[in-house]
Amino acid sequence: MALPNKFFLWFCCFAWLCFPISLDSLPSRGEAQIVARTALESEAETWSLLNHLGGRHRPGLLSPLLKVLYDGHGEPPRLQPDDRALRYMKRLYKAYATKEGTPKSNRRHLYNTVRLFTPCAQHKQAPGDLAAGTFPSVDLLFNLDRVTVVEHLFKSVLLYTFNNSISFPFPVKCICNLVIKEPEFSSKTLPRAPYSFTYNSQFEFRKKYKWMEIDVTAPLEPLVASHKRNIHMSVNFTCAKDQLQHPSARDSLFNMTLLVAPSLLLYLNDTSAQAFHRWHSLHPKRKPSQGPDQRRELSAYPVGEEAAEGVRSSRHRRDQESVSSELKKPLVPASANLSEYFKQFLFPQNECELHDFRLSFSQLKWDNWIVAPHKYNPRYCKGDCPRAVGHRYGSPVHTMVQNIIHEKLDSSVPRPSCVPAKYSPLSVLAIEPDGSIAYKEYEDMIATKCTCR
């Protein structure tokens with residue numbers, strides 16, 4: 001008997017390995033969550049499990065974020081950004097996102113990506129003439145390989161960040177002279193006249209600064225739109241010389257232009273499907289060329305929150321009442337307690353609802369390049385769907401019809417499943433392989449509402 005027992009045990013293990021757990025079946029989902037909590041102790045085991053949870057059965061649970069982030073896993077050590085630039089981006093993240101990592105609803109910007117680049121090369125040029133109010137110019141080269149073709153520029157600034165605040169005793173008016181130069185070409189390319197574009201921006205220094213931004217959108221917009229990988233620019237400041245007589249004002253500007261290399265900050269709109277598009281959240285109900293008849297027709301089929309509010313036409317309300325009455329007919333013994341019946345079938349104990357799935361990027365050993373958020377809770381839906389689903393779940397009439405088919409006609413037709421009905425986006429601040437810093441907003445990353453379908 002020992003040999004058949006061993007063979008049976010081997011066969012069960014082999015079958016378990018060959019047929020992955022389906023997240024669409026309720027018992028296996030519960031088992032998968034138990035395994036997930038114990039597997040977080042090991043990075044390899046954790047990724048294997050999370051990859052399974054974010055696979056073809058449940059693409060919305062952990063993908064696309066973990067899949068996108070894992071693409072860089074195992075690369076050589078990443079370049080670390082400048083501390084001042086990192087502090088600035090952390091401050092930007094706090095202004096744009098909550099502690100849970102969701103974009104703040106009171107923000108009205110239409111971009112979903114902010115990239116900060118530090119110069120990959122820096123050279124001093126003309127020494128300048130402080131007596132005439134002209135400060136030394138600096139030659140800068142920025143590499144924009146991380147900007148993708150689906151990212152469109154909204155705004156670009158030169159960012160000066162300081163360890164200590166610089167102060168000015170009185171306002172100082174200056175002009176930033178920016179010269180965009182064409183990169184040098186190899187001898188194999190056809191010779192052409194050198195290209196340069198000069199851009200002047202006027203601004204005024206006031207009081208204390210921990211950072212300073214100079215808008216350079218106009219000269220950079222055509223270069224980013226044409227997907228230029230390298231941007232070569234020369235920057236210098238010219239200030240009114242009569243306002244530089246005060247030593248503190250002159251020293252502050254001198255330290256800023258010589259001791260601090262500016263970063264390039266790009267505000268972009270990622271148009272890919274996995275990015276969060278804030279315009280749709282600001283105008284969720286706007287549809288092109290929609291007449292009154294179309295609006296009435298659409299309102300008859302509400303989903304998500306609209307269905308939860310009970311926005312239905314009278315015709316569908318009558319359909320639901322007739323189906324509900326049909327559901328109440330079958331097989332209720334005369335001696336049965338109606339309250340127990342409704343408790344068992346209409347409101348099951350393991351009711352469909354949201355559950356937490358908390359993970360930490362430090363457990364995945366990704367916290368050295370995922371700066372924020374520190375923790376991620378995608379949440380998931382689990383539980384039994386009641387036989388007569390009402391407005392609370394926002395389920396369509398088809399869900400009730402499916403229940404009737406399962407119970408009366410064909411048991412092979414599955415019962416409605418407990419699935420997410422609504423999601424919220426997630427904001428992520430990460431260090432890229434080249435040492436640049438990226439703030440990105442990902443769509444549909446946190447389940448916020450469950451339904452039965």
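Cβ from N, Cα, C; glycine included.
Residues or ranges marked as compositional bias 'Basic and acidic residues' by Swiss-Prot: 318-328.
In the three-state DSSP scheme, CYS418 (disulfide bond) is classed as strand. Around the Cβ of CYS418 (disulfide bond), a 10 Å sphere holds 24 further Cβ atoms from the protein chains shown. For CYS352-CYS418 (among others), the entry in Swiss-Prot reads disulfide bond, with the evidence type similarity to another entry.
According to Swiss-Prot, the disulfide bond annotation covers CYS381-CYS450 (among others). Every protein chain considered, the tally of other Cβ atoms within 10 Å of the Cβ of CYS450 (disulfide bond) stands at 23.
A 10 Å cutoff on Cβ-Cβ distances gives CYS385 (disulfide bond) a total of 24 other Cβ atoms nearby, all chains included. The feature disulfide bond is assigned by Swiss-Prot to CYS385-CYS452 (among others), with similarity to another entry given as support.
Summarising the annotation, Swiss-Prot assigns N-linked glycosylation site to ASN163 (among others) and lists sequence analysis as the type of evidence.
Summarising the annotation, Swiss-Prot assigns N-linked glycosylation site to ASN236 (among others). DSSP assigns ASN236 (N-linked glycosylation site) to a strand in the three-state reduction.
Look at Swiss-Prot and you will find ASN255 (among others) tagged as N-linked glycosylation site, backed by sequence analysis.
The annotation N-linked glycosylation site is assigned in Swiss-Prot to ASN269 (among others). In this structure, ASN269 (N-linked glycosylation site) is part of a beta strand by DSSP.
For ASN337 (among others), the entry in Swiss-Prot reads N-linked glycosylation site, with the evidence type sequence analysis.
Annotation source Swiss-Prot lists region 'Disordered' at 282-328.
The signal peptide annotation in Swiss-Prot covers 1-27 and rests on sequence analysis.
Taking CYS452 (disulfide bond) as the reference point, the recorded positions whose C-alpha atoms are within 10 Å of its C-alpha, out of ASN236, ASN269, CYS352, CYS418, are CYS352, CYS418. Within 10 Å of CYS418 (disulfide bond), as judged by C-alpha distances, the recorded positions found are CYS381, CYS450; the full candidate list was ASN236, ASN269, CYS381, CYS450. Annotation for CYS381 (disulfide bond): spatial neighbours CYS352, GLU353, LEU354, HIS355, CYS418, VAL419, PRO420, ALA447, CYS450, THR451, criterion Cβ-Cβ under 8 Å with sequence separation of six or more. All protein chains shown were included, and the count of other CB atoms within 10 Å of the CB of ASN269 (N-linked glycosylation site) stands at 18.
Comparing ASN236 (N-linked glycosylation site) with CYS385 (disulfide bond), their Cα atoms are 67 Å apart once rounded.
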